[in-house]
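Colleague: To start, I am sharing the structure in question, which I have written as structure tokens.
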Amino acid sequence: AIESLFGASLTGIAYSLFAGQPLTILGSTGPVLVFEKILFKFCRDYDLSYLSLRTSIGLWTAFLCILLVATDASSLVCYITRFTEEAFAALICIIFIYEALEKLFHLGEVYAFNMHNDLNKLTLYSCVCSEPEKPSNETLHVWRSMNTSVEDIPWSNLTVSECLKFHGVFRGPACGHHGPYIPDVLFWSVILFFATFFLSSFLKQFKTKRYFPTKVRSTISDFAVFLTIVIMVLIDYLIGIPSPKLHVPEKFEPTRKDRGWFIDPLGSNPWWTLLVAAIPALLCTILIFMDQQITAVIINRKEHKLKKGCGYHLDLLMVGVMLGICSLMGLPWFVAATVLSISHVNSLKVESQCSAPGEQPKFLGIREQRVTGLMIFVLMGMSVFMTSVLKFIPMPVLYGVFLYMGVSSLKGIQFFDRIKLFGMPAKHQPDLIYLRYVPLWKVHIFTVIQLTCLVLLWVIKVSAAAVVFPMMVLALVFIRKLMDLCFTKRELSWLDDLMPESKKKKEDDKKIKEKEEAERMLSDNESVHLAYGEASLNFPVKTLKYSIDPSVVNISDEMAKTAQWKALSMSTENAKVTRANL
């Protein structure tokens, strides 16, 4: 926890001051976590120093990121479309949800309970520590190092930690695999976990409720997760059940006692690891580049109405420089976090003031500044000195926050809306814009391809081939390019456009309304009135001859309407000439 807070503060402050797009918030992301877990497993299997090899890879990655900046590689973001973006975002959401549930399930192994209790025999249940029948060589070595023997140890009076220290054995009907059964902790952890998730979701939607003034509701909604954590910590403290807590050092120092704040890139590893580290660094660079630029594309969308420039190159440069510094100091790697960045942008929206009852506020833009991002990471750095408070936070509460972040991020992803269409009859399907212009079977094919890519990403992540995971993320761009052979440009413009569903639907409804209005004006009972002195001439529109060049193919509704009105104007001019002749 100390390394994460300190690293986030260090990287975030530098990024907020010097990056091109300070609205982006950096964090430890799911794909980078996957890479780190793969690397840790590799080092453990081959008896290598993890922190040293990680430092070498981090320095190579920083160099390659700076090289990408120098070669104008950020211009490749034009190939990142909704297909790639949503598959990547969906993977991050699933990682959040899966990791949260996995951690909760792991608590069931650590805090085991008796599933076959007989309530009438509760007074007979006991679990005591006893000496091992056949002590191993390791156990004998531990006893010798403590200058004690099996006869000198008071086995029946030892606590759980002391029994484990002396390599004792737990015996009795109230004993589990790792020690005595713990009856309440697991159930209380499950309550904390789901209560955190549901309370966060409720408070986030509180701004739509009818209670309290608007400012109060908006404040509660903005600080939903923070308020939830505070409430659950207080409840846990009052109940008093010893739930697992966040482990943090008592003072500002590395979590491991055998390391300092700077890591040797070589350490105990062979010299050739400095050179070979360039290979996994290449994979890590691909992951960092995709993670950073996909988030940057989302933040810099046109519908956010940003006035400042994008700064893709400068952002990647700052990420690369700080990644090298964090690697040398043994701190986590930080890159643009999609969920946090979107939340940051949403909190900075500027809307018009509502003057009439029931009037919906209009979106005007985003407050573009560096202050909020800077203060976020300054406060994170200050929290390093609040370890005495952080140690009261129960781990199930944090797991519940992870679940909430994963589930809430699924909203707005068109990919999951299209998955729902598989089990939905046509008459119950919502009025989605792409269903108006793309056949349903083609929508299903597009969804199946995207779902297959997501499943492949997950299978590769959990398999022995996890080392090629970054390459598969990059392959999404090429798979999307191949889909040009299966779908027309018009179909892809509706299915794979980065513009939000709501905005496209609003524009399409506006076009349909304008078309209907034009058709109404050009109906048979309409006529053109031309004044001539005190008299007027009426020309029925149907008698005015106008035409559109049939050679024009794929003419849009807007172009057709414009051509019709131009032809009508020309016919009107001819009518004026006729009137003059008369």
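Cβ coordinates come from backbone N, Cα and C, glycine included.
Because TrEMBL annotations are produced automatically, they should be read as predictions rather than curated entries.
Got these off TrEMBL a minute ago, pasting:
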| type | residues | note |
| --- | --- | --- |
| DOMAIN | 2-500 | domain 'Bicarbonate transporter-like transmembrane' |
| TRANSMEM | 57-80 | transmembrane segment |
| TRANSMEM | 87-105 | transmembrane segment |
| TRANSMEM | 185-203 | transmembrane segment |
| TRANSMEM | 223-241 | transmembrane segment |
| TRANSMEM | 271-290 | transmembrane segment |
| TRANSMEM | 311-335 | transmembrane segment |
| TRANSMEM | 371-390 | transmembrane segment |
| TRANSMEM | 397-416 | transmembrane segment |
| TRANSMEM | 448-479 | transmembrane segment |
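How about a rundown of where these features are and what they're close to?
Modeller: Under 8 Å from some Cβ of the transmembrane segment (185-203) lie the Cβ atoms of residues 100, 104, 107-108, 111-113, 220-221, 224-225, 227-229, 231-232, 236, 239, 241-244, 394-397, 399-401, 403-404, 407-408, all in the same chain and six or more residues away from its ends.
Beyond its flanks by at least six residues, the transmembrane segment (223-241) meets 184-185, 188, 192, 195-196, 199-200, 203-204, 206, 392-394, 397, 400-401, 404 of its own chain at Cβ-Cβ distances under 8 Å.
Remote same-chain partners of the transmembrane segment (271-290), defined as residues 6 or more beyond its termini with a Cβ less than 8 Å from a stretch Cβ, comprise 31-32, 35, 39, 48, 52-53, 56-61, 64-65, 68, 73, 88, 265, 316, 319-320, 323, 333, 335, 467-471, 473-474.
Here the transmembrane segment (371-390) has long-range neighbours at 1-2, 5-6, 8-13, 15-17, 22-25, 246, 248-252, 344, 347-348, meaning same-chain residues at least 6 beyond its ends whose C-beta is under 8 angstroms from one of its own.
Here the transmembrane segment (397-416) has long-range neighbours at 82, 86-87, 89-90, 92-97, 99-101, 103-104, 192-197, 200-201, 204, 225, 228-229, 232-233, 236, 246, 338-339, 342, 447, 450-451, 500-501, meaning same-chain residues at least 6 beyond its ends whose C-beta is under 8 angstroms from one of its own.
Through the fold, the transmembrane segment (448-479) approaches residues 31, 34-35, 38, 42, 79-80, 83-84, 86-88, 90-91, 94, 280, 283-284, 286-287, 290, 415, 418-419 of its own chain, all at least 6 residues removed from its boundaries and within a Cβ separation under 8 Å.
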